[in-house]
Amino acid sequence: MAPILLNCMGNDHEYIKQQVQVKNPYLDTMEEDILYHFSLSTKTHNLPEMFGDIKFVCVGGSANRMKAFAQFIHQELKLPGNPEEIRDICEGTDRYCMYKVGPVLSISHGMGVPSISIMLHELIKLLHHAQCRDVVLFRLGTSGGVGLAPGTVVITDKAVDYSFRPQFEQVVLGKVITRSTELDEGVANELLQCSSELQNFPSVIGNTMCTHDFYEGQGRLDGALCSFSQEEKLEYLRKAYEAGVRNIEMESTVFAAMCRVCGLKAAVICVTLLNRFEGDQITSPHDVLVEYQQRPQVLVSHFIKKRLGHIV
C-alpha cells in the first residue's frame, strides 16, 4: 500500500480529473456490493443515477448536525422544494444518516476513528460505483483548541497522531500499515481565502491532533480515569503547540489517510469549543455552542457556492 500512498498525489490536472479510486481488486469480481451500513447496494439501487452528479461530500459526527447542514446548504444554493422535507437516504439503517442536496452529500460518521473508518469505506465505494469525478470531501466538526480562543475555526494542514507525526497506523492481519495524512494544500488555502471574504469569525491553518478518545487520550483531568498531573498535561499541550498543533479531535488521521490513498481531495474544518490550556470542560452556553458549530458549515457553504459560480 505504501507506494500507492506516495504516488497518488501526482500532477494536479490529472489528479482532479480522476474517477474516485478504490484500492481493492476483489471488488471487480463481486456480482453485488452491499453497502450494509448505508442500506444501499449495487443491485438494488442505481448508484450512478442517484449520486453521479455529486461534487462535494460533507461529513460530520452528529446526525442532527448533518441534517441541519443539508437543510442549510439547500437554502444557500436556493434549490427548489422545502428543505424541511429532505429525506434520509440511509433511513433503512440507524448507523448513519445521508442527505443529498443537489451536488452536495451530507453524511454523519459518529464518533472516533472506527466509526468514521467504516463510513469512509462505504462512502468511497459509493462514489466509485456512482462514477463520480472531481469530488472534494470535507470533515466538519468540533474540537478542543490548543492556544486558540473558543470559536476559532481550524483548517487542518496536517492531521497528526499522539506523537505529532503526520501518519495513520492501521493494523491489517496483525501487521501495522502506515499511511500519510497530508491533506490538499490548495483546498486549505482556498478555504482560508473564503474565511477572509466572510470576516465573520477567526480562522487559521494548523495541524490537528487525532486521538483515540475524548478523555485520557486528550490529556483531560476530568475523566473517570486519570494517571497524570496538571503539570504533565500542560507540558504535553505545550509540546503539541510547538509541533504546530492547534486543535484536537478524534477522526482526522483516518479521514486524511483514506482520502489521500483513494485520490480524493479533502479538508478538515473544525471549530474550537475551548482552549485546552485553560481547562477541560466545555462551559459555554448552549446558544453560543450552537453558533460555534455553524461556523465550519458557513465556511464550507461559501467554498461550495464559489466553486459553483454562485459567488463571483
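Backbone N, Cα and C atoms are what each Cβ position is placed from, and that goes for glycine too.
In TrEMBL this protein carries:
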type	residues	note
BINDING	Arg95, Arg139, Leu140, Gly141, Thr142	phosphate binding site
BINDING	Gln218, Arg220	substrate binding site
DISULFID	Cys90-Cys97	disulfide bond
DOMAIN	55-305	domain 'Nucleoside phosphorylase'
Statement: Sparsest Cβ environment (other Cβ within 10 Å) among binding-site residues Arg139, Arg220 belongs to Arg220
Query: Of the recorded positions listed here (Cys97, Gln218, Arg220), which is spatially closest to Thr142 (phosphate binding site) when Cα positions are compared?
result: Gln218
- request: Please state how far apart, in Å and to a whole number, the two most distant Cα atoms are among Arg95, Arg139, Leu140, Gly141, Thr142, the recorded phosphate-binding residues.
  value: 20
Task: Provide the number of Cβ atoms within 10 Å of the Cβ of Gln218 (substrate binding site), excluding the reference atom itself.
output: 22
- request: For Gln218 (substrate binding site), identify the closest of the recorded positions Cys90, Arg95, Cys97, Leu140, judging by Cα separation.
  value: Leu140
Query: About how far apart, in whole Å, are the alpha carbons (Cα) of Arg95 (phosphate binding site) and Arg220 (substrate binding site)?
result: 28
Message: At a 10 Å cut-off from the C-beta of Thr142 (phosphate binding site), count the other C-beta atoms across all protein chains.
response: 21
Task: Find, for the listed recorded positions Cys90, Arg95, Cys97, Leu140, Gly141, the residue with the lowest Cβ contact count at a 10 Å cut-off, counting only other Cβ atoms.
output: Arg95
Field: Length of the line joining the Cα atoms of Cys97 (disulfide bond) and Arg139 (phosphate binding site), in Å
entry: 15
Field: Rounded to the nearest Å - Cα separation of Cys90 (disulfide bond) and Gly141 (phosphate binding site)
entry: 21
Field: Arg220 (substrate binding site) and Gly141 (phosphate binding site), distance between Cα atoms, whole Å
entry: 19
Alpha-carbon distance [Arg220 (substrate binding site); Leu140 (phosphate binding site)] in Å: 23
